[in-house]
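Copying in the features that TrEMBL gives for the protein in this structure:
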DOMAIN    A:53-204  domain 'Methionyl/Leucyl tRNA synthetase'
MOTIF     A:58-68  motif ''HIGH' region'
DOMAIN    A:238-421  domain 'Leucyl-tRNA synthetase editing'
DOMAIN    A:434-637  domain 'Aminoacyl-tRNA synthetase class Ia'
BINDING   A:LYS601  ATP binding site
DOMAIN    A:670-790  domain 'Methionyl/Valyl/Leucyl/Isoleucyl-tRNA synthetase anticodon-binding'
Amino acid sequence: MTEPGIDAPDKYDPNLAIDKWLRVWEDKHLFEADGLVDAGTAGQDDARPRSCVVSMYPYPSGDLHMGHAEVYSISDVIARYLRLRGDNVLNPIGWDSFGLPAENAALKRDLDPSTWTYANIEVQAESFRRLGVSFDWRTRLHTSDADYYRWNQWLFLRLLEKGIAYRKSAPVNWCPVDKTVLANEQVVQGKCERCGSTVQQRDLTQWFFRTTQYAQRLLDDMAQLEGNWPSEILAMQRNWIGRSTGAYVDFAVEGRAEPVRVFTTRPDTIFGATFFVVAADAPLAAELCAPENRAEFEAYRDKVRTETEIDRLAADRPKTGVPLGRHALNPVTGQQIPIYAADYVLATYGTGAVMAVPAHDQRDLDFAKAMGLPVVAVLDTGEDDPATTGVATAGDGTLVNSGRFDGLAKADAIEAVTADLQERGAGERAVIYRLRDWLVSRQRYWGTPIPIIHCPSCGEVPVPDDQLPVRLPETGYELRSADGASPLESATEWAAVDCPSCGGAARRDTDTMDTFVDSSWYFLRYPDPTYTGGPFNPEGVARWFPVAEYIGGKEHATGHLMYARFMTKVLHDLGMVGFTEPFAKLTNQGQVIMNGRSMSKSLGNLVNLQEQLGLYGPDAVRVTMLFAGPPDEDIDWADVSPTGAVKWLARIWRLAGDLTTPDATDGDGELRQQTHRLVDEITTLFETRRLNVAVARLMELTSLLRKACDSGAGPADPAVHEGMSALLRMLSCFAPFTADEAWSRLGLPSSVIEHGWPEADPALVFQQTVVCAVQVAGKVRDRLTVATDITETDLRDLALNSEKIVKDLAGRAVLKVIVRAPNLVNIVPAKA
RNA sequence: GCCCCCGUAGCCCAACAGGCAGAGGCAGCCCCCUUAAAAGGGGUCGAGUGCCGGUUCGAAUCCGGUCGGGGGCACCA
C-alpha cells in the first residue's frame, strides 16, 4: 500500500489533511465571535455587523447521522460566508440533552440516563469537529446540566407568578400493561408502542402554560416574519392556531340558574337550532343529565372514555349520543329544544357544547337523522332541502324562517343576529382558537424537576429562588416504578421535604418538564452559557439577538418554533428581552432520504454518515449535500454523487498544484472578466441562499481556470492566480479542508478563510457588448452583437435591417416592434 | 373537507423582475492519457417545461381549471 501524499504526491486524499487544518483553525481562534457578551472581552473590531446564525440544537441520540450533516452543513456555509464578508459571526452549539430516549436506552442497557447522554454528546462533538463545522465552542451548553435547568425552574416560577403557569386535570396516555404514561409518539394507532396493548386515557393533575393567552399575538406577529420565514411554515402555524370568529350564544336551561353558553361561527342560523349537544366527556353533560337518564348517560360516557384515537380517527363513523332528558331554550325562537350528550362534540374546543343546526351543518344533520330530530332550513341557498337530501347546505344565501331577519344575506345576518343577541344580553361577538394551552408536565425522570412543593396545609408552594436548582436525584429512584407513577415518586427520600412556607412535612412535585421548555429559550443562553445572574446574560442577548438566521427542519413548525415564539413574548412581557420574535429569518432544510423513503433500520436503507465520511471525506459529503438541490428540498442519497463531489475537489486541488509563480503581465483580460462576473453572480447566490446554484457556478469557474491554465493564459498568468484565489476563498464555505489545502499548495499564507470574500470589480463585470435576440412573431430569427448601451431606436433599426430578418419577413408589413434593449427585439408582422 | 408547497432532458437540478428553455452534476456515448485499475483529461448526445384553456407582441414564469406527488389541519361547531 502506498502512503498517500508520499508515494503518490499527485493523488488527492479527501481525508488526509483534516487534523492539520482543524489545529490551524483552532490555534487561530478563527470561529470565535468577537466580544460575546461585551465589547471589552476581545473586541478590537466591534464595528463589524454582528450575525447570529443558529441551527436547531441536536438531541444526543447516538452519533451524528446524515440528517445532522445536512442541517449543520447548511448553517455552516452561511456562517462561513458571513464571516468572509466581514461579519462578526456567532455560530453556537449546544445539546438538547434531556428527553425520553435516554430513559429507554438506560433501561435497555442498565445504566443511568446521564451516562448514556453525556457519552453521546462527546461522540457528537467530535464528529462535528471532524465535519469541519465552524462552531464557537465557547457557547457549548447542555440542557441536562443543573446549571442550565435551574433556569428552566426559575422561569417556571416567573410564569407562575404571572399566572401563565397553572395546574389542572388533563388526560394522559396510559398503558395499563406497562403501567406507565406514554408520550404521543409512543402511541401507535392507539396501541402502546412497546407492548401493543390498547392505550387508555387517564386524568392527571398537571401543569400548563397559557399559550392560548398569546394566540392572537402569535398570529399578529407573523407579519414580522412574512417574507423571512417560509410561507409553508407560517401557513402551518396559522392552521395550528386555528382562529375562528363568531359569537357566544347563551341558552337558558330549565332548572339551571346560569344559562349554558355555546360558540358558533354561524349565528345567522340560530333559528334553525333544533337541538343542543354537549360533549359526553365534559363535566357539563354529567351536570345537566336528568336522574331518569343517568344510567343510560353514564354507560355511554364510559364507553366514550375508553374510545381513543383509533375510534376518533375512523372516518365517517356513525353519530351516536344519548338524550339527557333536559331542554334548552332557543333564545330567538323561544322553543324548548332537547339536549343530547354526544362524542362528536369536543369537550376541549369552545365551551364543549353546541347549538345544533342540522340544515346547515353536516355533522348536526347526520346526528339529527340518527336520532330522528327535526331539520329546519333557515338559509335559502338555492339548493335542495337538506331534510330530504341529507346534505347540509353551507353556502351563501338569504335567510328564511327567521322572523324579522328574513331576507337578509348570510353575511349581513351574521352581523344582525349577533348584534341582536348582544343587545338582549343573550350573547356576544367572540373569537376562539384551536390552539390549546401547553401541557408541560411529564411523568418522566430525565427532565427538569418542577420546582413546586406540595404541602398538606399550604398547598402548592414554589421552591424559593435561592433553593434552586432542584436537582434530579442521582440514586434512589426507579425508572419504571411499580405503579407507573412518575419515576420521581419512587425517589422517596428526594421527594420528602419540609414546606418552605410552614416548615411542615411536604412533598416535591414529582413530574418533570416537557423538553420543549428547555428549547423554547436555549439560544438566549449561548453568548454566556455559564451566566449565574439569570437565565441569560442580558448584555449578550442585546448584542446577538434576535437570531439573524435559524436553520432546522420543518417538523418543528408547530412544536418548537411555536413554543420559542411564545416564550420570547413572555420574556418580553417580563422585561427580559427587547424583542417579540426570536428568529428574524428561518431556513428549512429537507430530509436526507434513500431510494424515495426516509431512512430506517427496518427498511434497510440506512446510509451511515461515518462510512460516507470515510469514503469521501467531510468536504465531499458537505458539497454533495449542498449541491443536491435547494436547501429546503429532500435529498435522495440515491440520486446524488459524492464521487462527483470528490472529483471536483480533486480537480481544484490538482489545479492548485499545476500553477506556477505568477509572471509580471497584466493577466488575461477575458479570464478576469469571466472571473469577476462569476464572483458577482455567486455573491448574489449566497445572499439569496441558492447554495446549490452557487456550487454549480464554482464548478464553472473551476473549468474556466483549468482551460486557461492548460491552453490559454497558462499556469503563470496572474489572471489565473486571481481566479484561483477567488475560487478557493469562496470554496472554503463548502469545502474548508480542501480550500485551505489547495491554498497552501499555491504557497499562500494560511488560512484561506482569513483572506475575506472576493470583491467583484464592477468595471470588469460590465459587459461592453451583448448578444441580442431578434424575434419575428416570438421566434428567434437572428442574433446580433450590440453595444450594451445601445438605444432603442438604434437597436430597432439594426434589427429591421438585418439580412435574415428582411428575408424572414418576406415583404410582410410590420405591425409592431417591441424593443427591450439590449437583449431582445420582437417584430410582429402582419399575417401573410 | 379546508389550507400550503411542488411537477423542466433517463436522473438530480438551473433559467434575475414574463423576454433566446440549459448553467452545473449523475448516467450514457466518443476521443485522449494511463492501462494493473480509474475518484485522470477533453468532448458529445439530450427536454419545449404534467395536461387544457386564458391574458400578452412574447408564458416554465401570471390567471382559471384539471391531473399527479408531497405536506399541514380536521367531527374545531
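Positions of Cβ are set from backbone N, Cα and C atoms, glycine also.
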Helix, strand or coil: which one is A:LYS601 (ATP binding site) in, per DSSP?
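It is coil.
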Which bits of the chain, at least 6 residues beyond where the motif ''HIGH' region' (A:58-68) starts or stops, bring a Cβ under 8 A of a Cβ in it?
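For the motif ''HIGH' region' (A:58-68), the nonlocal Cβ contacts are 95-97, 99, 101, 117, 120-121, 123-124, 127-128, 131, 553, 591-592, 599, 607-610, 612, 637.
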Per DSSP, what is the residue count of the motif ''HIGH' region' (A:58-68) in each of helix, strand and coil?
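Across the motif ''HIGH' region' (A:58-68), DSSP assigns the residues as follows: 3 helix, 0 strand, 8 coil.
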With every protein chain in view, what's the tally of Cβ atoms within 10 Å of the Cβ of A:LYS601 (ATP binding site), excluding that atom itself?
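7, counting other Cβ atoms within 10 Å of A:LYS601 (ATP binding site).
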Quick check on the domain 'Methionyl/Valyl/Leucyl/Isoleucyl-tRNA synthetase anticodon-binding' (A:670-790): DSSP residue counts for helix, strand, coil, in that order please.
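Within the domain 'Methionyl/Valyl/Leucyl/Isoleucyl-tRNA synthetase anticodon-binding' (A:670-790) the tally stands at 74 helix, 17 strand, 30 coil.
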Summarise the model's confidence over the domain 'Methionyl/Valyl/Leucyl/Isoleucyl-tRNA synthetase anticodon-binding' (A:670-790) as a mean pLDDT value.
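For the domain 'Methionyl/Valyl/Leucyl/Isoleucyl-tRNA synthetase anticodon-binding' (A:670-790), the model's average pLDDT rounds to 92.
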